[in-house]
Amino acid sequence: MTKVELYKSRVFVTIIHLCALGQFAYGLYYSSFEVQRSYKLKTSFSRRLVPETFPQKLRFLSYWSLIIQALYYIVSLVNDFVGTNELVPRRAPAIRQFKDWLLSTLAFPVALNVGITFWTLYAIDRELVFPKVLDPVFPSWLNHVLHTNIVVFIVLEMFTSYRAYPSRAKGLTGLAIFMGSYLVWIHIIKHYSNVWVYPVLEVLQLPQRIVFFVAVLGFTFALYLLGEFINNVVWAKEVKLSQRKSN
């Protein structure tokens, strides 16, 4: 079955969205309630490393990314039933416009940023992002939901559903506002707690941290452009054919 046939199959696309939402929603639930109920966590000295309250979880970009993914697939399911998955609808409903904007501006670049950055630092020195003391209390499957499956499903989405990208200026501006707000947020946390959210920041000097933050922002913007490029390449022929038929 080709990507065009998959796109035309509402059932297939809906199933993908249901599987993704079920997984990410359960990941949010488990990380919010079940981890804290673990007997191993209550008796472990690593308890202080595991965020217990919702505000504590919001310190981490991984958690923000999981919320964005869950929101995206909720919007996608609503669009599947009351919106449209046509390639070039004559008048796209508001839910479809929001779905396209959300994936383009946040869901795709943030998911790839989280996944690639996490596993790169993990390969260099896992203690910088996920200390071994967390293994007994933080399930490996939840780690993969947070840092692996978000990439798998959002890349799959790129090949099964077309989206109209916003203008590059609007898309990058939205992404810059989100990432800039997050960087300000972790500096606020540092100011009041005197602890960096990520251990890797503890080992960097100020000039190195500046380079690190600039590199993260630049990398995220590059991922936005990558998503736009993939979308244009994968769907170019189908969009042109659809436009010819509508004329």
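Note that Cβ sites are derived from N, Cα and C of the backbone, with glycine treated the same way.
The transmembrane segment annotation in TrEMBL covers 12-31 (among others).
Here TrEMBL flags 61-81 (among others) as transmembrane segment. A Cβ distance under 8 Å defines the sequence-distant neighbours of the transmembrane segment (61-81), meaning residues of its chain 6+ beyond its ends; these are 10, 13-14, 17-18, 20-21, 24-25, 27-28, 31, 51, 93, 95-96, 98-99, 102-103, 106-107, 110-111, 113-114, 118, 145-147, 150, 153-154, 157, 161, 182.
Residues annotated as transmembrane segment in TrEMBL: 101-121 (among others). Within the chain carrying the transmembrane segment (101-121), a Cβ under 8 angstroms from the stretch's Cβ atoms is held by residues 61-62, 64-65, 68-69, 71-72, 75, 128-130, 146-148, 150-151, 154, 157-158, 163, 165-166, 170-171, 174-175, 178, 200, 216, 219-221, 223-224, 226-228, 231, all 6 or more beyond its ends.
The transmembrane segment feature in TrEMBL is assigned to 141-159 (among others). Same-chain residues lying 6 or more positions outside the transmembrane segment (141-159) and placing a CB less than 8 Å from one of its CB atoms are 3, 6, 16, 19-20, 23-24, 27, 30-31, 35, 62-63, 65-66, 69, 76, 103, 107-108, 111-112, 114-116, 118-119, 130, 227, 230-231, 234.
Counting residues 6+ beyond its ends, the transmembrane segment (171-190) has Cβ neighbours under 8 Å at 58-59, 61, 64, 101, 104-106, 109-110, 165, 196-198, 213, 216-217, 220-221, 224, 228 in the same chain. The transmembrane segment annotation in TrEMBL covers 171-190 (among others).
Marked as transmembrane segment by TrEMBL: 210-235 (among others). Counting same-chain residues at least six beyond the ends of the transmembrane segment (210-235), those with a Cβ under 8 angstroms from any Cβ of the stretch are 3, 87, 103-105, 108-110, 112-113, 116-117, 158-159, 162-163, 165, 168, 171-172, 175-176, 179-180, 183, 200-201, 204.
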